[in-house]
Amino acid sequence: MTIFSGPRGLFACYCLVAESSESPKRCYIGFTNNPLRRIRQHNRKIAGGARKTSRYGPWRMVLFVGGFSTKVSALKFEYIWTYPTRSRYVNCISATSQKLRLACPRSISTALDVLVTLLIHPPFSLQPLYVVLLDAEGNRVKSQLEQHSVPVFVSTMEALQIEPGVRAPSDIIYAQCTSSNGTTDTTFTDVCPICQDGVSPSNVQCMQCSARFCITCAGKLFTRRNTLIPCFGKCPICKREFQWKEMLRKRAEELVAGRKSVPHKTQAVDGQSSLSQNSSYDDYDTISLLSSSSEPEKDDISRDESGTVASVQPVSSVALSDSSRSPATTSPTKPLAIDPLLSSPRPCALPSDVISITD
């Protein structure tokens, strides 16, 4: 049984193919954090399917692409995969060769051609992405992806197991394993050899000498002068050359192993509220900017005897932490960083995590 997971769960882009005789080989591309649940939604076994797939069912999942660090990065990949002609990045690739002219995927063969083109060219070739084949339709791209060092795994929907992650910054969840009394130990024994600051286990580590670096220091070390994304570089300790995406994969494995040793309810750190390990991201959330308060502000409306509004005094939605404090001395609340793809505000995320695969 193969388990696909990551420190914050699975962020994947999948491809479906229709089994209907009316439109054979018709494909659909989408995003999910749980392929097992998503295919049931598309086949109308449970609620939550897509409008475009309600007519041409039943569907089967051919493959999905995992390894994205955040939900936003996976959604961007899904959009480029669905509409390659609208992306300036894909147009630059297509302009170099007549064979790489891409069109919007309507059939499964076109969708696979676009997928291979995206995964074997930067910037996606520099990310720790992988492909999981779930149907025989996707076997023809296996050799092409493996030639360009893209990990390919073959599985079935029955053997597939998805483990949810934790919606929290990695330095809070994975700072250190919790002690017996439930408190989190934030004392770091490792020191970054570049900046000489303490580093937590959520940072990258050399695969040869096990030296641990700050993720920002290592990123600068692995970034070339003519690139913006870290590619490869040498460890300043053992002088061995590594690829940046390989170090991210190892980091993800360590974070997943550390997550399993953390209790299901994470203790609050630095004012953060406790977070459940079983929480997961929805397949699609409404893209909207939310305020720090979910309740709208209410107005204190005073009316005269005839019912005409005499005055309107807005009532602040910010509650006082101490009833003895007067409203005149109330300080404004510290704003939260709002993720437009989430249904509620959350604190700023620390360096992104990547997906890990364990057998």
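Glycine is no exception: its Cβ is also placed from the backbone N, Cα and C atoms.
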Suppose you had to name the range Swiss-Prot annotates as zinc finger; which of 98-144, 192-238 would you pick?
192-238
Along the domain 'GIY-YIG' (9-91), what average pLDDT does this model show?
89
How does the domain 'GIY-YIG' (9-91) divide up by DSSP, counting helix, then strand, then coil residues?
27 helix, 22 strand, 34 coil
On the DSSP side of things, how many residues of the zinc finger (192-238) fall into helix, strand and coil, could you say?
7 helix, 9 strand, 31 coil
